[in-house]
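J.: Dropping the structure in here first, questions after.
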Amino acid sequence: MNGNEFGRLFRMTTYGESHGEAMGCTVSGVPAGVELSEEEIQKDLDRRKPGQSMITTSRGEPDKVTINSGIQDGYTTGTPIGMVIQNKDARSGKYEPFITAPRPSHGDYTYSAKFGTRNWGGGGRSSARETVNWVAAGGVAKQVLEQSDYDVQIKAHVCQIGDVEAGPVTFEDMLEHSEENEVRCADPEAAEEMRDVADQHQKEGDSIGGAIYFECRGVPSGLGAPRFDSFPSRLGQAMYSIPAVNDFEYGIGREARTTKGSEYTENWEFDEDGHPTPVGNDHGGIQGGITTGQPIYGEVSWHAPVSIPKTQETVDWETGEGKEITVTGRHDPVLPPRAVPVVEAMLACTVLDFMLLGGRINPDRLDGRPGEYDTDYHPSSPQNDPEDADTHAKTIDDD
């Protein structure tokens with residue numbers, strides 16, 4: 001199975017199934033000298049983990065991360081970083097009825113059609129549980145960005161559940177208020193209504209869709225490449241890879257379809273530092289597929305979860321007959337509240353990858369951070385002076 005990697009220089013490779021022993025990922029391309037905190041990664045994993053509230057799945061996973069390679073004395077060494085998260089509450093028995101009877105609108109049939117087999121416990125690799133790896137990798141990316149010379153800030157919040165939409169909020173509102181309620185919406189009044197909508201659908205044995213607004217500040221201009229490596233095309237790949245996502249837009253998004261060119265065009269002016277900057281930001285910080293230096297923003301939308309305890313019609317390919325099934329596992333009635341850290345993680349991974357590719361961050365080690373050894377060439381040093389070679393060799397032997 002291909003497609004388990006994301007990124008070019010900052011590269012995440014993941015493994016694990018929903019009801020297997022563990023989830024895990026390897027992150028390569030992290031510069032040496034980054035002070036990496038397992039606790040900071042855990043904070044984001046705690047925001048994503050199940051069982052947080054009555055509107056999330058009741059699966060009891062602590063999602064504790066263990067870093068098992070790539071760091072020494074709290075700092076990255078430049079080698080691949082390995083992270084493992086154990087599955088503690090897997091219950092595959094409830095999925096046995098679906099071994100030969102695919103659940104509607106899941107990956108059960110399509111995985112079987114492609115590979116001739118599949119891990120049927122909880123959907124295996126197709127489960128959204130796999131995003132726990134993405135959040136762990138994103139936690140690494142965030143720390144690299146925070147310790148770089150750029151003040152990159154990333155934040156997201158739930159902007160819609162069902163028909164309830166949040167009012168306008170600022171970046172500061174998201175930083176201060178999005179974690180104050182279980183919906184993760186920075187608009188407190190809308191959050192209460194969203195909570196009621198999710199709760200009502202859950203009581204009815206149903207589910208509902210929603211959307212997340214994201215914003216990234218501090219990204220320099222010049223990231224991205226024309227055409228197939230443009231910033232939005234790579235960011236779109238990241239967001240569409242998230243399970244159940246069915247729409248991604250940046251800038252004013254779909255509003256651009258009804259906006260006149262004279263209104264959508266952004267003129268240029270000099271900012272207070274004398275740098276060219278667009279007037280306005282309907283383009284979401286991107287022009288010609290390359291970043292302008294303005295905030296990058298947009299929305300990601302989810303369809304309603306399709307694992308619901310209502311009777312559904314399917315077929316049994318073993319008996320060749322139709323069959324009624326009920327999905328009785330533990331599932332979320334709405335996805336965006338737990339997906340906020342997933343969106344932030346994939347945005348962080350994308351931004352860091354582009355900054356490494358563009359040379360904005362040293363891919364070997366963070367600039368300005370002293371290494372353990374001085375690697376500069378000094379002609380007068382013993383190892384480069386033939387007359388001192390014997391003395392130097394004796395010193396090594398004595399050690």
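Placement of Cβ uses the backbone N, Cα and C atoms for every residue, glycine included.
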J.: When Swiss-Prot marks a stretch as region 'Disordered', which of 41-72, 73-104 is it?
T.: 41-72
J.: Sorry to bug you, but what's the C-alpha spacing from Arg48 (NADP(+) binding site) to Pro305 (FMN binding site), rounded to the closest Å?
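T.: About 16 Å separates the two Cα atoms.
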J.: Report, in whole Å, the straight Cα-to-Cα distance of Arg48 (NADP(+) binding site) from His303 (FMN binding site).
T.: 18
J.: By a simple count of other Cβ atoms within 10 Å, which of Arg48, Arg125, His303, the binding-site residues in the record, is least packed?
T.: His303
J.: Fill in the CA-CA distance, Arg125 (FMN binding site) to Arg48 (NADP(+) binding site), as an integer in Å.
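T.: A Cα-Cα distance of 17 Å.
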J.: Can you give me the Cα-Cα distance between Ser127 (FMN binding site) and Arg48 (NADP(+) binding site) in Å, rounded to a whole number?
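T.: Taking the Cα atoms only, Ser127 (FMN binding site) lies 14 Å from Arg48 (NADP(+) binding site).
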J.: How many helix, strand and coil residues does the region 'Disordered' (41-72) contain under DSSP?
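T.: The counts are 8 helix, 7 strand, 17 coil.
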